[in-house]
Each structure stands twice: as C-alpha cells, then as structure tokens.
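Asker: Once you've had a glance at the structure underneath, I'll fire off some questions.
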Amino acid sequence: MIWHILGAGAIGSLFAIRLQQAGSTVQLLLRQPQTEDYYQLHLHKGKDTQAYLLPWQPVTQATAISHLLIATKAPDTLTALDSLASRVQPNADIVLLQNGMGQHEAVCRAFPQARIWAAVTTAGVWRPDANTLIQVSEGHTEIGPLQNTPTNMPKGWNTMTPPPAETADIYLSLWRKLAINCAINPLTARYRCRNGELVSDPQRRAVLLQLCHEIEQVTQALGLSLFDTSLADRVVHIAEQTAQNRSSMLTDLLNQRPTEIDYITGYLCQQAQQLNIHLPLNEQLLTEIKQLSVQTHRAKLGEN
C-alpha cells in the first residue's frame, strides 16, 4: 500500500513526512523531474532539523493508485487529477487536504466509487526553498467522510503524530476554516499586509469586522453554528496569534501565482446568491483580488 501525494507544497510535504513517520510508504507525484531517486526535505522544528528522503514519480507516469492525498491548490485540483484519472483505482481511498470549498463535490463526482475524506489542519508550515520546510506549529487536524467512507480513518492516518481527530461533520470543519480564510486572506491581499496589521490598524480592523458580519449572515442562514464566540472575535484572536504570518493568498500574489479566491470568497458569494443574501464587501473583494491576480500574472508573463 502506497500513499501517493499530489501537491507537494508545504502542507502536502509535511503530511507526506507524517505518513512516512507513521510507517506508511509514500510517493510524491511531481511535475518537474528530479536528478535523484529520492526527494530530500529538511524539516525544521524550532532548533531541531531532520532530513527526510521521499520517493517520487513523475505525475504523468504514476503507477496504479489505491491511496491518494490531494494537497494541491484548489483551482488546480481537477486539472491535476486529469492526468491521473486512468490510474486511480475505482475504490481508491482519497483524502482532500486543501483550502477552500467547491472542489470536494467535483472530486466526488469524478470518482463516484472511491472512498473520499476531507481533512482540515491548522498546522503552520512554510517552504522558503524547494528542499526546506519550516514548521511553526504542529496544529490540529480533523478528518471526516465525504463519500462511501466507513467511520474509521483511512489506513495510516490513525498512527500519525500528532493524531488527527475524527469528525462525523467535516462539512462544519470546512466551513469554519472557510469563514476564517474569507475574513483574513482577501484583506491581507488587498492591503499587502501581515495578519496582525488587520487588527492593529483601526481602519483595517473596522473593515475586517464588517467582513465577518457579512460572512455570518451566510453561515447563520445555512444553520451553521461555527464557534462559541462570534466569528469576529475568533478572527481577531487568530490574526493576533498569527500576527507575523503572511496569508497564502498574499503569498500567491507576491509570488505572481494564481490565488484561490474563487474557492474561498467566490464559494461564499455563490452560497449567498442561492440564499438571496447580498454581500457587498465580499463581492467587491472577489472582484479586486481577481483583478490583482490577473495583473500579477500579466506582469510575470512580461518578465518572461
């Protein structure tokens, strides 16, 4: 049994290491060919550094796949899976560990017989270069069934360190993360600022609170009780706790990469439209970030 890892970014690589540490065989699916048989990663946790050797295959030459972890950017999910579809076994175990929502339904439709889980994590990790991972926090991971899944976790996940928590309502967990991402990510991209600057600046803080109010209109209409406190209180706390962090959306813009805005704010606005709820600030941010993404992409093409 091999866990194939599609999307070997920071989170995908971290969970490849965790699966390997738990005794599973892993194999990265990479677009760029490597000169060695193993992909070497150095994981830094505080003062501790450990090297890991992870087997890899070109994504276009993968063998039969029975266990697949998808950790790509949300917009890349279906395109990346297209090259693998013929090799994914009908009853494969698939785990989606991604930001955003909307892609989960598409994967379930594409693989109707597969056992599919979704996972969310608060693990803090970033990748300054191709062979280095810096873990800021272990975080908390939840995993739950989406389609055709038994009550237990997929093989290898229950022996991970730290162990993921099983949840019967992964939909609620996905919405919790989505709501926080909808509040923090687009604003940090708009203002080109770190998380903490959203709450330390009075004007930005006011916009953040307005954004949280709009998001809660949707979650309340869906009958979702996300947190014991208000979304605004939770978001402010997270922004303060991660004050020096750059959101993934800001990082994508700074690196001239496409953002996940369509699967974060875009998904929220789609749900609001179905509920006949108007979200003026979210809709404005959706347009702004999409325009910024196009501009940065054009700038990158111009450099080339």
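A Cβ is built for glycine as well, from the same backbone N, Cα and C atoms used for every other residue.
Annotations per TrEMBL:
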DOMAIN    3-147  domain 'Ketopantoate reductase N-terminal'
DOMAIN    169-292  domain 'Ketopantoate reductase C-terminal'
Asker: Going by DSSP assignments with H, G and I as helix and E and B as strand, what are the residue counts for the domain 'Ketopantoate reductase C-terminal' (169-292)?
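Answerer: For the domain 'Ketopantoate reductase C-terminal' (169-292), the helix, strand and coil counts are 90 helix, 0 strand, 34 coil.
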Asker: Report the DSSP secondary-structure composition of the domain 'Ketopantoate reductase N-terminal' (3-147) as helix, strand and coil residue counts.
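Answerer: Reading the DSSP string over the domain 'Ketopantoate reductase N-terminal' (3-147) gives 35 helix, 71 strand, 39 coil.
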